[in-house]
Amino acid sequence: MGNALRFLYGHCCKPTVEDHYQPPHGYGVSTATVGVSALAHDLFHFENTSQIPEGLTKYVVSSKKAQTNWYKKLSQAWREAKPPPQTAEQATRLIILTLKRHQKADVKGLLRFYGLPLSNNPSTEATTVVAPPQADQGVKFELHTLPVDVKAVADGDTVTVYVNTEDPREASNLPKSVKVAAQERAKARAVRDYVKADALQKNIVDAGYRVLSGPNNEDILARKYRIRLRGIDSPESSMPFGKEAKEELIKLVVGKCLTVHIYEEDRYGRSVGDIYCNGQFIQEKMLKKGLAWHYTAYDKRPQLSKWEEKARAARVGLWASSNPEKPWEWRKNKRNGK
């Protein structure tokens, strides 16, 4: 992964766009730059997974094999750009120059997919989506994860993610002992000393890291984060709709790279954050599906209450019941032996 792509992705990838270019719910991004962020996100995702974005086929005429070829070229062009594109005009120019030998219909479709201008004299119509004052207050840092494993989803509001330690933030915080252990593990595996390799992996895991296999079977040293979705509370696994909530979160995040805004750490050591994936705000999706409550004891954002109210009115998910048990009351009763 090139540093230039990492920098822009980490710098400006806020909630992006859903299928693919729709203004993202007033979280402070502008239509002049959100397409650049979405493109950076998708190139980052492609380099980690070799997957092209969902929904692109509806905008272009060429096959998925051809689309994969475009993303290989665009990834290379982005890495080599100095500086990388930071405006819609610059992103448009990079796409047009990189794909100049390809069909015009495909190039135009790709630009439309990202909401980018179709010429190099754009953005006079760009408008800014006004963010609610509290939208990003208190964000301590931002994570860009590796693809999520199905076993990482604990329930409807908790997921374990891993972040590549080549990420600039992680690289600066990586303990030397963990880095050395990963290097020694690779050497042990190379000579088939799996006993030593497994022991080193255990040391790495105990330190909060893990060596994962990349898409080309390369080793990726990654840091582990347990994420508690901020502002929602889903039914516990043994409660009605607990299974459905977990399955919905699996459907939304598994196999995908996430952007996570971290606000704090809870008493269980989990990082409390907002999760975005492929242009979707995950808490919004869970609330609208009727698979979570707005956790008002810890979150006062009015938009989350509106999404819950919408699901209640439609009687979807757990709101099909006239009086569903609240998970925080269920947990309290369990603690009290009721």
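Keep in mind that glycine also has a Cβ here, set from the backbone N, Cα and C atoms.
The feature domain 'TNase-like' is assigned by Swiss-Prot to 144-321, with sequence analysis given as support.
Summarising the annotation, Swiss-Prot assigns active site to R228 (among others). Less than 8 angstroms from the CB of R228 (active site) sit D157, T158, D266, Y268, R270, S271, V272, G273, each of them six or more residues away in the same chain. Annotation note: R228 (active site) sits in a strand segment as assigned by DSSP.
Residues annotated as active site in Swiss-Prot, with similarity to another entry given as evidence: E236 (among others). Secondary structure at E236 (active site), as computed by DSSP, is coil.
Residues or ranges marked as active site in Swiss-Prot: R270 (among others). DSSP assigns R270 (active site) to coil in the three-state reduction, placing it in neither a helix nor a strand.
For R270 (active site), the number of other Cβ atoms no farther than 10 Å from its own Cβ, over all displayed protein chains, is 19.
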